[in-house]
Amino acid sequence: MKFYKTIDFYITRKFLGTFFYAIGLILSIAIVFDISENLDEFISKDIPLSDIIFDYYLNFIPYFANLFSPLFTFIAVIYFTSKMAYNTEIIAILSSGVSYARLMRPYLVSALIIAVFSFVLGNYIIPPANSTMINFREKYIRTRQINTERNIHRQIEPGLYIYMQSFNSNNVGYHFTLEHFEEAQLKEKLTAQNIRWDEESGKWIINSYWKRIIHDDYEELTNGYRMDTTLNMSPKDFTQLRNEMETFITPNLIKEIDLMKMRGVNYVEWVIEKHKRLAGPFSAFILTLIGAGLASRKIKGGLGLHLGLGLLLSFSYILFMQISTVFAVSGNTPPFVAVWIPNLVFALIALFVYRWAAR
């Protein structure tokens, strides 16, 4: 028995054709709206057409394609399955002895193709595309927002900790402390009025400092007005560009999270980004099962009601994802739970709809 028959190719062609047509249509509309919004900027700043096309819009497309992927997966399934149901094609297939579970095979294969498409985009293509697009905006349209920190505690090396009351965009940190521990015992402590990064020498300049060295039976105290030194840290460790995590491909994102954990940096948003990239592709399977289950039966209201239900559930899924993410950022929910719980809830809904449709 063939794994994939003519009817399977027919359903797959319908599914993927509708999906990519819908994505292409919404991308065309999104590009037109974006051009109308930014046209004055493009003209007034005399931005080269090649930069607009290749640095901006060519990188704009994969981002929005992936953003709308869950919504249009659902709409595509609802649309073509509902048309098949009202043309009695679904009834004919099931009447020929094909089980509902077997009918779902081409749907799930199509969902797998979309999931792989979404995974590759989200984890490996969109991050460098985002970086290019952000650099374009920063170069021609507006300066990128930089977030600086206060009350900074970091472990810059094993046993070596720093503290700064604040660090500003001029690469100056105030009320600086450097502590060296060995086997949980404080061995050295340096306090300074401020610390400044010198771009030319690639060193830190510590101003107005006191240094305390603790020996077994006595302490040594020294002070000075200036010290040039190298430390395993750089200004970018204390400033964060807005949405910077969106420019890292996933392997590099994971490495950055591990580094942030070691240094004691708040990395919650980065972990959320990692889990969103992994959880997102699974929505293709969940929404496909729900959409196929709802649309495979004739109901009063026809295609319009099917599409209405589809849009309601799609937006409910997206809203649920956003709300749970907010809880994770605020620290009320672990990032893994916050990102995956919408998939879990809608997977249960998909199971219910599947059993209802298979009766």
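These residue numbers are counts, starting from 1, taken along the chain as shown.
Keep in mind that glycine also has a Cβ here, set from the backbone N, Cα and C atoms.
Straight from TrEMBL, the features:
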TRANSMEM  15-36  transmembrane segment
TRANSMEM  56-80  transmembrane segment
TRANSMEM  107-126  transmembrane segment
TRANSMEM  278-295  transmembrane segment
TRANSMEM  307-330  transmembrane segment
TRANSMEM  336-357  transmembrane segment
**Q.** Stretch among 15-36, 107-126, 278-295, 307-330 sharing the most Cβ pairs under 8 Å with the transmembrane segment (56-80)
**A.** 15-36
Q) Top stretch among 15-36, 107-126, 307-330, 336-357 for CB pairs under 8 A with the transmembrane segment (278-295)? A) 336-357
Q. Which residues of the same chain, at least 6 past either end of the transmembrane segment (15-36), have a Cβ under 8 Å from a Cβ in it?
A. 57, 60-61, 64-65, 68-69, 72-73, 75-77, 79-80, 106-107, 110, 113-114
**Q.** Tertiary contacts of the transmembrane segment (107-126) (same chain, 6+ residues out, Cβ under 8 Å)
**A.** 4, 8, 11-12, 15-16, 19, 62-63, 65-66, 69, 73, 77, 246, 249-250, 277, 280-282, 284-285, 288-289, 292
